[in-house]
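Since the structure comes first, as structure tokens, the remarks are kept for the end.
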Amino acid sequence: MLPVAALSGPFAPVLSATSRGVXXXXXXXXXXXXXATPEPPVLDPKRPILSRESLSGQAARRPLVASVGLNVPASVRYSHTDIKVPDFSDYRRSEVLDKTKSSRESSDARKGFSYLVTAATAVGVTYAAKSIVTQFVSSMSASADVLAMSKIEIKLSDIPEGKNMAFKWRGKPLFVRHRTQKEIEQEAAVELSQLRDPQHDLDRVKKPEWMILIGVCTHLGCVPIANAGDFGGYYCPCHGSHYDASGRIRKGPAPLNLEVPTYEFTGDDMVIVG
């Protein structure tokens with residue numbers, strides 16, 4: 001208004017500047033809108049903000065170690081004086097109760113006692129293990145009825161002189177030969193240097209007139225034929241092994257003599273094989 005009055009010129013004396021305030025609804029709406037706006041929060045810069053980033057920065061990134069030195073900052077140590085240290089004097093030997101005395105003088109006696117206890121324990125454990133193993137092995141052995149069947153009783157009076165009789169014993173052929181006096185003298189006169197498997201005739205018999213053998217050839221397990229071959233004893237038809245009347249190999253591929261089983265004479269007319 002003042003600039004208009006200044007430029008009016010001749011109308012200036014009759015002009016005057018006035019101002020009037022008029023209330024409007026827009027002012028009330030602006031005041032209400034200003035009052036509804038929340039005030040921004042005020043943060044305390046002195047108080048640390050706890051967040052994942054701030055806490056991760058304070059966490060240790062290397063293994064924790066303890067350092068001791070002159071330039072290391074000191075720490076507070078909390079010690080307790082109310083803890084009782086256990087006393088093991090009741091379990092210790094009298095020779096080592098004195099802290100000011102060396103225990104080397106009694107070390108030999110203490111070691112000897114320890115060795116004695118260890119040895120006694122080892123002997124006891126060994127004996128117990130031996131008993132267990134013996135019982136286990138004996139449980140797998142043949143029973144009494146099986147052992148009884150493993151023996152055969154032969155009546156010698158049924159075998160005439162100069163003849164050979166075959167029996168079945170433990171699934172194998174058993175030869176019982178009643179030798180003549182001529183055969184006994186002939187086999188006893190054989191020199192050991194002539195034999196492939198040197199063995200004297202008297203070492204293979206308990207009674208010279210009775211020759212008991214297992215009738216299995218020592219070459220490949222064939223059954224020899226009695227009273228046959230070049231030496232009048234046994235002959236293997238499979239590969240031509242010749243045995244004499246004492247069952248000793250004399251010719252052919254067989255490497256060993258015929259096997260002599262375990263037997264026992266229970267009388268003049270009875271023998272038990274097995």
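In case you wondered, yes, glycine gets a Cβ from its N, Cα and C as well.
According to Swiss-Prot, the topological domain 'Mitochondrial matrix' annotation covers 79-103. Per-residue confidence over the topological domain 'Mitochondrial matrix' (79-103) averages 80 (mean pLDDT, predicted model).
The transmembrane segment annotation in Swiss-Prot covers 104-140. Sequence-distant neighbours of the transmembrane segment (104-140) (same chain, 6+ residues past either end, Cβ-Cβ under 8 Å): 93, 95-96.
Residues annotated as topological domain 'Mitochondrial intermembrane' in Swiss-Prot: 141-274.
According to Swiss-Prot, the domain 'Rieske' annotation covers 187-272.
Annotation source Swiss-Prot lists [2Fe-2S] cluster binding site at CYS217, HIS219, CYS236, HIS239, SER241, citing similarity to another entry. Of all Cβ atoms in the shown protein chains, 23 besides its own fall within 10 Å of the Cβ of CYS217 ([2Fe-2S] cluster binding site).
Around the Cβ of CYS238 (disulfide bond), the number of neighbouring Cβ atoms within 10 Å comes to 15. The disulfide bond annotation in Swiss-Prot covers CYS222-CYS238.
Long-range contacts of the topological domain 'Mitochondrial matrix' (79-103) within the same chain: residues 109-110, each at least 6 residues beyond the stretch ends and with a Cβ under 8 Å from a Cβ of the stretch. Comparing Cβ neighbour counts within 10 Å across the recorded positions CYS222, CYS236, the minimum falls on CYS222. Of all the binding-site residues listed (HIS219, HIS239), HIS219 sits in the most crowded Cβ setting, with the most other Cβ atoms within 10 Å. Cβ atoms within 8 Å of the centroid of the Cβ atoms of CYS217, HIS219, CYS236, HIS239, SER241 (the [2Fe-2S] cluster site) belong to the same-chain residues THR218, LEU220, CYS222, PRO224, CYS238, GLY240, GLY252, PRO253, ALA254, site residues excluded. Counting only the Cα atoms, the space from SER241 ([2Fe-2S] cluster binding site) to CYS222 (disulfide bond) is about 10 angstrom.
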